[in-house]
Amino acid sequence: MAEQLYLENIDEFVTDQNKIVTYKWLSYTLGVHVNQAKQMLYEYVERKRKENSGAQLHVTYLVSGSLIQNGHSCHKVAVVREDKLEAVKSKLAVTASIHVYSIQKAMLKDSGPLFNTDYDILKSNLQNCSKFSAIQCAAAVPRAPAESPSSRKYEQSNLQAASEAQASELTTNGHGPPASKQASQQPKGIMGMLISKAATKTQDTNKETKPEAREVTSASSAGGKAPGKGSVMSNFFGKAAMNKLKVNLDSEQAVKEEKTVEQPPVSVTEPKLAAPPAQKKSSRKSEPGKVQQKEKSSRGKRVDLSDEEAKETEHLKKKRRRIKLPQSDSSEDEVFEDSPEMYEADSPSPPPVSPPPDPMPKTEPPPVKRSSGETKRRRKRVLKSKTFVDEEGCIVTEKVYESESCTDSEEELKMKPASAHKPPAAAVKREPREERKGPKKGAAALGKANRQVSITGFFQKK
């Protein structure tokens, strides 16, 4: 009865479940000895062949025997299909054993499925792998689970896999996984302290780089919006500040400013008076010094340097102005170009150490007094320069005539200080370092000069 039940089980495994049944798998599944499992498979094949239903079965055999190869005898064990069984037998000198290894419905192309079937069943029975085996050793004692090297390697591989999985987790919002999960895996003692310090340092550096990137983007956006706001002069100063923030474009902007300053303004109707050559040379020498000082200046002093350079550019513009002789309608305002007084009035402004006392035009005709001694108020056309930034980002200076009202006494006050405070030509050739210190000292000198002019004018009126 027992053998009949076993055969029914084998038939169910092969036909119904379409499994590959090996003698090892059958021994562990049914709990029988391996030799008994081999006999059960052999009987099942013989019974199916007698019933003429064995044509659907494919059988593999385990063959062992001695083989003479290269003049040496050796013992050979092979798993072969039924159609190659006779060929393997003929090669063996002595056949030791032949028994059924596996039964399956499909024909196998290689031994891969057989290996997988035995591997799975042996892995699930590692502690009792020799329980149903034909080879046993009474002196063999199994090791404890903690002492076996295979279990240690298995545990270490699990720990490494867990640590790699945690390391590969992506951080969310700049924060890593909770510290409680990593605490159990970090080594204790000094090594654990060093690892924790390194982790905190990396987090701090990541936090520091993010605000720096935000500051750079905000500065660039603010610099891009600055030139479009304010008046013409505010656009000019905003342009200079934006050039300092953009370090890569600093040299190019400086070259553009030099070119625009050196270009003389275009005259349409009136003749011009040429500036002295010494003044041009000094401006050309001072401009390369400014470019070098811009590159060497630190970031902390950019605001102060921008104010000073803005004043210096104003001085250069005042030096470069070409004053046109205004046309007056009245006969009293006629001006002669060949008179020496006009050349004195058209002389260049003082050096950048002391800025000019007044940006008003200096080519005004001498006052004309009536016979009765009364002053005459009149309107006259004055040539003024206007600066603005064009579409290409270059600074353009244009001169436009504007009408102003003035008296004869005011003209006298403006003419006399201009001729009295005429600077020597050698004073223009000063180093650019003195031009840096000029605006602060020049402010005090300007105030004193204005006070002196007002006092002298007061006495002259009386």
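The backbone N, Cα and C atoms fix where each Cβ goes, glycine too.
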*Name the residue among S218, S234, S306 that Swiss-Prot annotates as phosphoserine.*
S306
*Report, as a single number, how many Cβ atoms besides its own are within 10 Å of the Cβ of S403 (phosphoserine).*
9
*Find the average pLDDT over the motif 'PIP-box' (452-459) in the predicted model and report it.*
66
